[in-house]
């Protein structure tokens with residue numbers, strides 16, 4: 001009271017006036033970094049086994065990579081690995097997820113750049129001398145082929161089913177069994193029509209139902225005329 | 001007869017002392033505040049919506065971005081909520097580490113409160129001293145997790161890294177120096193007659209109003225209600241520690257200031273006990289790699305954050321991402337009383353009121 | 001030692017004599033000497049301000065455990081010059097809604113008023129530019145004109161923050177003018193003169209700070225308020241009014257306000273030294289060194305106060321002036337008058 005508090009405060013500031021200063025003279029004086037300091041996220045490409053755990057664990061889509069297979073051993077290898085640091089939250093989740101400790105935080109904290117693209121780090125491991133399968137392309141082709149094969153198999157099975165038990169097979173596209181029987185009569189032995197309907201039944205059921213209905217109406221008209 | 005008129009003035013969102021992006025549309029009669037309207041949303045980052053597109057683990061680093069001044073508290077609230085959802089119990093050591101980190105965060109947050117209050121009422125130097133001391137806590141966070149301000153150290157089910165060796169001497173020396181630091185703040189600020197004249201009997205929030213508005217945390221305790229979730233509904237292992245709940249009498253700005261200073265002491269007490277009792281052993285419970293809580297299960301978990309009752313409400317749809325996550329942000333609810341306590345005061349009181357309510361706009365806007 | 005003491009006085013006399021020898025009339029020589037003196041004052045003030053701003057930044061840094069400016073030149077002494085160059089080359093922004101004439105003239109008025117204060121200060125023995133008989137009265141009346149410049153700035157900016165700052169400044173200056181004058185009157189009563197040189201000479205035996213401690217304290221508080229310095233920096237109050245009356249100013253116009261404030265600061269510190277600490281009187285060193293030394297020490301106290309204390313609230317500020325300072329200074333006046341009467 002009566003100014004004693006003010007005087008105490010003045011005493012404290014006066015004391016600090018002569019004390020050692022706590023300013024860290026940054027560019028000359030380097031900050032003390034602790035072992036766990038999270039600076040720039042780095043990858044040791046040699047350790048990478050291309051498992052993709054880091055990409056799955058990242059909350060902010062910082063990481064992405066491309067891969068290929070070796071021609072002989074069919075082993076996966078890394079072709080490029082991109083770390084887009086501008087989205088990184090330094091949360092350590094990818095480092096924890098990495099099974100081989102290939103990802104780590106360095107102590108590098110000075111990474112000002114003039115362009116956004118410069119913040120990105122792209123690793124392109126040296127793959128000369130290794131024969132690679134063009135993995136992505138090859139896989140895509142085989143996948144397409146597989147799907148085609150699957151479709152063909154399904155269609156053949158469906159055609160067989162229609163021929164064998166038309167009531168049961170066709171009741172999937174029409175409303176009742178009677179209609180199914182009628183449809184089978186209309187279709188008769190017309191292979192091309194059966195094949196078309198079977199294809200549709202495998203790939204697109206709704207369209208198949210529509211086509212079946214159209215066949216029915218056509219058949220009814222023919223009956224009435226005949 | 002002179003004609004006078006009210007003037008409407010926008011305090012914020014670009015104003016030196018609005019703690020981020022608070023916008024108070026103020027109607028002034030000279031220097032007296034006639035009316036006040038708070039506009040929020042300038043720091044809205046849709047954290048709750050982001051949670052719906054992240055897995056339970058991936059959402060951890062976003063929590064620190066809610067209340068970035070007390071980094072471990074929101075993370076602890078979220079992790080405990082998910083653990084409650086999964087029915088996991090933590091190893092002893094992990095629980096103790098959590099308490100230490102949480103209380104250190106609380107001290108850091110309250111220290112920043114003292115500093116920002118000091119600078120808001122014009123005592124620039126007070127801020128620097130508080131920051132100097134808070135720096136030591138930031139250093140400790142850097143030792144443990146490598147990050148200073150928004151560190152993601154806690155994980156669902158405990159921790160992935162144990163406390164490093166250099167942490168123990170650091171926290172010990174910090175706790176030893178803490179009384180001297182508080183002495184310094186008290187001599188420089190609390191005892192200062194100008195500060196007392198500015199804070200005493202301004203921004204009075206009665207206990208009834210505080211409860212009616214849902215105010216929680218130190219602001220509620222300053223109004224004389226001894227309600228602390230650490231005592232009322234202990235979470236984690238808080239029932240093992242002995243500590244007092246500092247309570248104010250009137251609920252004015254001075255009470256809110258003093259309660260926080262005393263809370264720093266109580267937090268230090270808790271840390272001392274935790275350091276003494278901490279066992280060796282495991283630091284992480286067994287948690288499935290992909291977290292998929294039961295379908296339709298929901299959980300509400302609340303903790304005593306440095307700002308008040310911080311609650312996490314999580315609904316699961318059986319997938320690996322939360323169906324809905326809601327944060328009960330104490331800053332947001334505490335800001336509701338700002339018009340009530342500021343009306344009839346002076347413009348300068350408004351600044352002090354904002355400072356003592358201690359809102360973090362990142363949390364209020366989410 | 002004798003030569004150093006009267007160096008400037010001799011120089012002035014030599015200039016006048018030289019001019020008269022060249023065939024100029026005595027009046028013409030005096031006018032030219034006056035012009036030279038004003039130019040010197042302007043130069044000294046500018047250099048002084050550069051040092052002052054650097055010093056304040058350094059002191060505030062040291063108090064806050066920082067180092068202050070330390071990159072440009074030894075201990076950062078050229079920092080202020082760099083800042084001044086930067087401010088001079090900045091774009092001159094005049095917001096479109098302002099009252100242009102008032103907005104432009106306000107900083108000029110402010111700096112002129114603060115420079116006018118220096119006219120009556122005796123920098124050494126017989127070294128006042130104009131040794132006015134009503135020196136103290138002149139100083140106080142010119143000093144209080146600064147309010148008008150602040151009011152012009154606040155009104156001309158057409159900004160609510162600026163207006164609030166300006167209103168605060170007016171209220172504050174009017175309230176604190178009275179205790180300031182009353183405190184100084186007590187000194188004047190003892191010295192028996194309003195002439196500053198006479199007041200200094202009256203402190204030959206004992207400084208007035210020892211005869212009038214109460215008046216000194218009240219004067220110091222009122223002077224801090226008059227200078228708009230912390231803890232009474234209401235017109236700026238950056239945490240409340242963003243920048244108060246200066247909100248809309250930038251570049252050199254703002255720098256002029258800044259300059260004027262520091263000019264005022266030095267003038268008032270010099271006045272404090274003259275009224276209470278024996279002005280230019282002191283042992284060993286020549287008299288024209290003693291006044292700056294004393295003024296700088298007083299300024300350090302101003303800095304120290306500003307960087308320690310929180311800002312007082314506006315209504316407390318007014319109440320403190322009207323309810324505490326004015327009664328105390330009045331009582332002090334009465335006591336001083338009675339004592340003087342009985343001593344005679």
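Glycine residues also receive a Cβ, built from the backbone N, Cα and C atoms like all the rest.
Residues of the same chain lying 6 or more positions beyond the ends of the domain '4Fe-4S ferredoxin-type' (A:39-68) and with a Cβ under 8 Å from any Cβ of it are 33, 76-85, 87-91, 93-109, 111, 121, 123, 125, 127, 132-136. Annotation comment: TrEMBL describes A:39-68 (among others) as domain '4Fe-4S ferredoxin-type'.
DSSP classifies residue A:51 ([4Fe-4S] cluster 1 binding site) as coil under the three-state reduction. Under the heading [4Fe-4S] cluster 1 binding site, TrEMBL lists A:48, A:51, A:54, A:98.
Reduced to three states, the DSSP call for residue A:94 ([4Fe-4S] cluster 2 binding site) is helix. For residue A:94 ([4Fe-4S] cluster 2 binding site), the same-chain residues that are 6 or more apart in sequence and have a Cβ closer than 8 Å to its Cβ are A:41, A:53, A:54, A:57, A:58, A:62, A:63, A:103. Look at TrEMBL and you will find A:58, A:88, A:91, A:94 tagged as [4Fe-4S] cluster 2 binding site.
Positions annotated as domain '4Fe-4S ferredoxin-type' by TrEMBL: A:79-108 (among others). Beyond its flanks by at least six residues, the domain '4Fe-4S ferredoxin-type' (A:79-108) meets 33, 36-49, 51, 53-54, 56-68, 116, 119-125, 127, 132 of its own chain at Cβ-Cβ distances under 8 Å.
If you count neighbouring Cβ atoms within 10 Å for each of the binding-site residues A:48, A:58, A:91, the highest count belongs to A:91.
For the binding-site residues A:51, A:54, A:88, A:98, the largest tally of other C-beta atoms within 10 A is found at A:54. Taking the centroid of the Cβ atoms of A:48, A:51, A:54, A:98 as the [4Fe-4S] cluster 1 site, the other same-chain residues with Cβ within 8 Å of it are A:49, A:50, A:52, A:53, A:94, A:97, A:99, A:100, A:102, A:103.
Of A:88, A:91, A:94, listed as binding-site residues, those near chain B by the criterion of a Cβ under 8 Å from one of its Cβ atoms are A:91. Within the set of binding-site residues A:48, A:51, A:98, the entry lying nearest in space to residue A:88 ([4Fe-4S] cluster 2 binding site) is A:98 (CA atoms).
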